[in-house]
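These notes concern the structure reproduced below.
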Amino acid sequence: MSSRKSKNNSLIHTECLSQVQRILRERFCHQSPHSNLFGVQVQYKHLSELLKRTALHGESNSVLIIGPRGSGKTMLINHALKELMEIEEVSENVLQVHLNGLLQINDKIALKEITRQLNLENVVGDKVFGSFAENLSFLLEALKKGDRTSSCPVVFILDEFDLFAHHKNQTLLYNLFDISQSAQTPVAVIGLTCRLDILELLEKRVKSRFSHRQIHLMNSFGFPQYVKIFKEQLSLPAEFPDKVFAEKWNENVQYLSEDRSVQEVLQKHFNISKNLRSLHMLLMLALNRVTASHPFMTAVDLIEASQLCSMDSKANIVHGLSVLEICLIIAMKHLNDIYEEEPFNFQMVYNEFQKFVQRKAHSVYNFEKPVVMKAFEHLQQLELIKPMERTSGNSQREYQLMKLLLDNTQIMNALQKYPNCPTDVRQWATSSLSWL
């Protein structure tokens, strides 16, 4: 009887954990509109009112949301649109068009995407239009039910807005802003960009039709607020089916937020970047360690997740190099120390390596020059070194100037973790100014 009971408990636990994983992953990955906004309530109110004026009163508007990557621009617009669509008279009437500068790389593709999202492919058919403006006006005209007050408002969201400014003649931007200034179909044009100088990219005729409304997001919260965000992002909602499990989970999250080692991890991430995406990545990696046998997150999970986040990819490449390639990197390190970061060539590295070989007076590291050259070229392929300028067909490879893309700290840290690194190689790396 007891074994059956424990089996049932285990199944309940597994089911709870799968729900926890689903809820939190959705929160971390998709920044769903169900998550909370942090420190942008004023901006949210401004944007929400602007959208309501378009949807409810037929007032056309344009606005730019400006902020660094990960500051919450997409999350802000998603929240505002979700709230707007919850209004009964709006949900059936307002149309949304989402464009992205990375996908719609010219105005022709953008216009096709607008037609598709407005479900007007059948209306357009095989019609031939004289200009882009005529085509766009026809699309919006097709949405009208009668006069201006009964027209379908359209919300245009332009992600990576600065990339649209590079389109030929900025035709799309000109026509969208022109419609937002005229008494045609009510539209709201919302641009999302991380460039502060975005207005400098706009042509004079485009700029004159833009309302010059700007909403800035700057991640201005402090560390206490960052810890609060950490708690809110990990906590389970009140409507979670298993109340007992949710209470235990949330108590554990509260305990973690007060743990000194966890606070050190969070402080480190906060100092590097206030970007919530980096926090989500940390939490996602820690969440991956939660299983039926390990149902609650621990400080160790977060510490190990932090180490994965801050892992140096170039140092990891060094761990997989041959001893000869390691020796060449150490030779480059010494050349950088001697010549104060001046570029070097293969011949200089080879000479430095030969000094080491002759000093050790044994044949373990005594490779033929073509073999050393092959190892040098492999380092270039791995992008641990790079040429200072393009090579011409006439130039000799061994005299091409190179630059090392690893600093001394990275090299020494990688050597400490290098499996079975020979003692004399490690000593050579730590010696000052080579063997001079």
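Glycine is no exception: its Cβ is also placed from the backbone N, Cα and C atoms.
Not measured: the values here are computed from a predicted model.
According to DSSP, PRO68 (ATP binding site) is assigned to coil rather than to any helix or strand. Feature annotation from Swiss-Prot assigns ATP binding site to GLY67, PRO68, ARG69, GLY70, SER71, GLY72, LYS73, THR74; the stated evidence is sequence analysis.
Summarising the annotation, Swiss-Prot assigns N6-methyllysine to LYS7.
Neighbour counts were taken at the CB atom with a 10 A radius for the binding-site residues GLY67, PRO68, GLY70, GLY72; the maximum falls on GLY72. Local packing around the Cβ, expressed as the count of other Cβ atoms within 10 angstroms, is greatest for SER71 among the binding-site residues SER71, THR74. Apart from GLY67, PRO68, ARG69, GLY70, SER71, GLY72, LYS73, THR74, the ATP site neighbourhood in this chain, defined by C-beta within 8 angstroms of the site C-beta centre, holds CYS194, LEU217, ASN219, ASN275. Put plainly, the binding-site residues ARG69, LYS73 were compared by Cβ crowding within 10 Å, and the winner is LYS73.
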